[in-house]
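This report concerns only the one structure given below.
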Amino acid sequence: MASSSTSISLLLFVSFILLLVNSRAENASSGSDLDEELAFLAAEESKEQSHGGGSYHEEEHDHQHRDFENYDDLEQGGGEFHHGDHGYEEEPLPPVDEKDVAVLTKDNFTEFVGNNSFAMVEFYAPWCGACQALTPEYAAAATELKGLAALAKIDATEEGDLAQKYEIQGFPTVFLFVDGEMRKTYEGERTKDGIVTWLKKKASPSIHNITTKEEAERVLSAEPKLVFGFLNSLVGSESEELAAASRLEDDLSFYQTASPDIAKLFEIETQVKRPALVLLKKEEEKLARFDGNFTKTAIAEFVSANKVPLVINFTREGASLIFESSVKNQLILFAKANESEKHLPTLREVAKSFKGKFVFVYVQMDNEDYGEAVSGFFGVTGAAPKVLVYTGNEDMRKFILDGELTVNNIKTLAEDFLADKLKPFYKSDPLPENNDGDVKVIVGNNFDEIVLDESKDVLLEIYAPWCGHCQSFEPIYNKLGKYLKGIDSLVVAKMDGTSNEHPRAKADGFPTILFFPGGNKSFDPIAVDVDRTVVELYKFLKKHASIPFKLEKPATPEPVISTMKSDEKIEGDSSKDEL
């Protein structure tokens, strides 16, 4: 029995040794194959360069492209102070007494902004010269504003999650929080007096009493839009809720009265139940009546939904109304100037049914300042008017109306969008007639079919035709495609990121190279961050490919060895013909 047990143990031991040896042999073979493949590619590259092929030197991604997220790049501009403004040295600044400036982290941020009715918060970076210059002014303002508003600062380099949440793009960025909600970016003077004046105005009583007809007539004449409350009393809970809602709005005034005669001047009937509230505008839609619970939140939502025009013309002034709105979904009409009178009344009629759910926008397609650029961003081409829904948030999805521009059709589009029944529209070049080249051409309409094919590993370059870095990289990428064309499991592809789009293909600059592993397409692609050479890209693919592959090198021609005798005649050789 012992002998049998010993034999089994010995057999298992021998089997383990054999497996280990085989595994090492396979690994050695695999490593040897990779070394051989890399040596081949390096030799090919060397040959190219020795014949005047030139080389490509890694540079920063080209950021001249415009992604138009929230149409941000319709105008080139932006803040003065951005990441990287620290390529200089300055004299050390004297110490500043910041005793009244709170230091926030993710652990105390929510409590701080929630406990202070008015909280100003600066996101800064220690290396930022503009932040350092602001420090003494900010500290002095904090001391003067004690009891009225609280000031704080956050090191964005340490609190990355908060910086990402509030989409910090440059330093310093200063926000005003009202009752725990971020309401406004401070863009005033970076001085103590500038900060104090601005904050005092924001924190001052923002609701005004009207007790005489003369006051009412003056307000109605002067104000382009206003909110008016008819209350049981000018003090107490109703007035407090209205005042709290008023602090959330910067661009219109709030008024209140307890007089039925004055209320009537503001389109409120004397017999109506109090509290009553209206929003008056000197626009096509002149009046909106509030019919919700008389609370700060409900009033603020009503005002936000009704303060904008039914349809906003996309202009410099209109853009701020669109992007500062708390409503992110946009329903957009694209039409030329000579067709706007026909279609705008239709859009306004639809807008009445979807307040608070969409911002309705009109883009004049033939307007040189904005219309042409916005139409191009959305991929709206041709002369015919079009309507589409745009999500306006990070995913930036678009849904186009396929049908006549009628009230019913546009309402159905809006309702189907809200019910998540629509298929997104992607900007796309026409499908390529022939797509059998070494590098596959991807457009918006074949992205799913090729890039998201689970049976393939796909390397995708997103480029721009005008991008110099892309032009320099093109011959290298084409060579990689040529070397790998015979590998069925691997696709080397490219997409023009200026005329095609897909939510899975996000580019922060050009060129952007993404890798989509086979069998794993539900996850985000891998950003390829290696030197842009054939060898380094090949090494990346060997490491990350879900489906193992081996480079198919061109066969080396065998040397021809002659075995003919000296007196044999070559068939068909006319030089041996008789005289």
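Any Cβ shown, glycine's included, is placed from N, Cα and C.
Per Swiss-Prot, the range carrying the annotation motif 'Prevents secretion from ER' out of 24-27, 92-95, 328-331, 576-579 is 576-579. Closest to His469 (site 'Contributes to redox potential value') by Cα-Cα distance, out of the recorded positions Asn108, Cys128, Asn209, Asn313, Asn338, is Cys128. Cβ packing within 10 Å was compared across the glycosylation sites Asn108, Asn115, Asn313, Asn338, Asn520, and the lowest neighbour count falls to Asn338. Mean model confidence of the motif 'Prevents secretion from ER' (576-579) amounts to 31 (pLDDT, 0 to 100 scale). Just so you know, of the glycosylation sites Asn209, Asn293, the Cβ with the fewest other Cβ atoms around it within 10 Å is the one at Asn293. Applying DSSP to the domain 'Thioredoxin 2' (416-546) sorts its residues as follows: 35 helix, 25 strand, 71 coil. The recorded positions shown are Asn115, Asn293, Asn338, Cys470; of these, the one with its CA atom nearest the CA of Arg190 (site 'Lowers pKa of C-terminal Cys of first active site') is Asn115. Cβ contacts within 10 Å of Arg190 (site 'Lowers pKa of C-terminal Cys of first active site'), excluding its own Cβ and spanning all protein chains shown: 18. With all protein chains in the displayed structure included, the most crowded Cβ environment within 10 Å among the recorded positions Cys131, Gly468, His469 is that of Cys131.
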